[in-house]
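K.L.:
Structure in structure tokens, see below.
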Amino acid sequence: MSVSDPTGRPDGPRADRTDGDAAPAAPGPTGAPEWVVLRLARPYLNRLLGAGLLAAATEFAALALMSTATWLLMSAAGRPPLDRLTVAIVAVRALAIGRGVLRYTERLAGHDAVLRLVTDVRTRVFAALAARRDNSGQRSGDALSRLVSDVEAVQDLLLRVLVPATAAGLVSVVAVATATFVSPAAAGTLAVGLLLAGVALPILATALTRHAAAELAPLRGALATDAVDLTQGAAELAAFGATSQARGVASDRIQRLARIERRLAATGFAVDALGVLVAGLTAAAVVLVALADGVDGVLVGVLAVGTLVAVEVALALVGAARQWTGLRAGLTRVAVLLREAPATTAAVPPTGPSPTAVGIRFSDVTVRYRAEGPAALDRFHLDLPPGRRIAVVGPSGAGKSTLAAVLTGSVRPTGGQILLDGRDLSTYPAEVLPRIVGGLLAEAYVFHATVRENLLLGRPGAGEGDLAAATATAGLADWLRAQPEGWDTVVGEQGGQLSGGQRQRLALARALLAEPAVLVLDEPTEGLDPVAADDVLASVLAATPAQRSVLLISHRLRGLDSVDEIVVLESGRVVQRGRHADLVSAPGWYRDQWQLQEAAERGYLALGPVP
């Protein structure tokens, strides 16, 4: 199902639908996905090793507790002197208490390390998803699945796979070594049973569940996408009578997911039953071998109970194998994003005043959203010195919004260079660039919050006077005064309580409030009638200080006689440039479009005054 725009990219070609049904991408040559994730765990290696050793100590305490308690019960049946049982009685108490303490400290150490690691991984995944805006066709629902469910696979890899596997391996070695002192033959039998429980059964479980488990992560991502489409596109689906069809697609995926989970559950039950059988047969075999080897009856009982406990610990590897098989698809998706994530540095709060005058130079800048696709910008050149105002116009898909996205750092160019005040744009930290270059981008997001909260995103420390000035410039002041709640009016999800024009004015006021040195305005009058659009544009240009640069992107040509230069884009290339008076007198796209727009707006104004 594809309802919403799958790319979210400006002026770029729409990507083919990526509903998550396909298998995840191959890990690539840089290593298995597990290693990609575990490389990030190096700072927490000591904590993870400690958790593994504590888990092993916990299981060993359980093994020792059961063995000691068995010896105590069987020995007490012979009514020996109490002093012969005192050590065992104290040991049982100590092991019972110690096991609980060890388990608690193991969970504490393990979760401390893992939650720290997951924080790092989620930060990098978020950075990669944000950077993917320009080249991946990422769906929002699938992105959410990657950020939440897939990242949780990292937590499960450590806590439910590696830590239990470490404990099972160490306890198995200790159990066999201890049994050797009692009966080498029984120890050999125990080793065979442990190999069956800890090696053969996990391999069998992996083989039986690999293909089904690989479908889970992408299928869950597709379901998340369906949920977003059904929620956000509910009105459009209802308007076109497509709700039933969309629900049907989602229902089919839900049923498919249920079938896979039932199949995995049935396989798990079968393997668990085999594990119980292996444990029982191993214990019986150890008893028979120990009796044949002439081992004392009490020790035979200890060996039998110890075997059951040791095999049960080894059977944790079956669960770990199933977990690993189910997690691998999600880990692969995370690993792909971790390889793409830009280098992260500790965020340093910006200090000092923001610059008020900077120059920008585009040199041979090229942007392609796909390697084989057309260029959204093709060897683009532009100089925007401090205080200069340049308008970029052109037909839809010419590359105008791509230009704005490149300048604000949302999209990375595939070629050329952008110099901001003589320094490469890509070298500016993410927390610094918005203070220098910012503004109103295409489809600016309005949060489900109050008017005040939406505006303060532009400048958190702004006072009410600043808010009033920005809203007045954007033409929102009259509407705001009419609201009973005033600044505290809630605008709804994505500004749903506002009209299209009001939502645009609110986003514009927020952009003006930020006061960047380079103000980028991408279609600032979208959704406004011609008269209101002219008033708002004139107000914005008049309110912008003379030393600040302005890059205005617009499909409307009225009002552009007040800018210093107009650049006409077609298919990512500059086809005309100059001032308004020069362009309307020369043949080309600008003059043709000017004449069409003038005729259309004269007809609009002839209808009468705007109510």
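From the backbone N, Cα and C atoms, a Cβ is placed for every residue, glycine too.
The region 'Disordered' annotation in TrEMBL covers 1-29. Here TrEMBL flags 11-20 as compositional bias 'Basic and acidic residues'. Sequence annotations record features per position, and here TrEMBL assigns transmembrane segment to 48-73, 85-102, 157-179, 185-208, 264-292, 298-318. Look at TrEMBL and you will find 49-329 tagged as domain 'ABC transmembrane type-1'. Taken from TrEMBL, the feature domain 'ABC transporter' covers 360-596.
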K.L.:
Pairs of Cβ atoms less than 8 Å apart decide it: which stretch in 48-73, 85-102, 157-179, 264-292, 298-318 has the most with the transmembrane segment (185-208)?
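P.N.:
Most Cβ pairs under 8 Å with the transmembrane segment (185-208) come from 264-292.
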K.L.:
Counting Cβ pairs under 8 Å to the transmembrane segment (157-179), which of 48-73, 85-102, 264-292, 298-318 comes out on top?
P.N.:
48-73
K.L.:
Could you please provide the mean pLDDT value for the domain 'ABC transporter' (360-596)?
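P.N.:
Summarising the domain 'ABC transporter' (360-596) by its mean pLDDT gives 87.
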K.L.:
Which residues of the chain, 6 or more past the ends of the transmembrane segment (264-292), have a CB below 8 A from one of its CBs?
P.N.:
179, 182-183, 185-186, 188-190, 192-194, 196-197, 201, 204-205, 208-209, 212-213, 299-300, 303-304, 307-308, 311-312, 315, 318, 322, 326
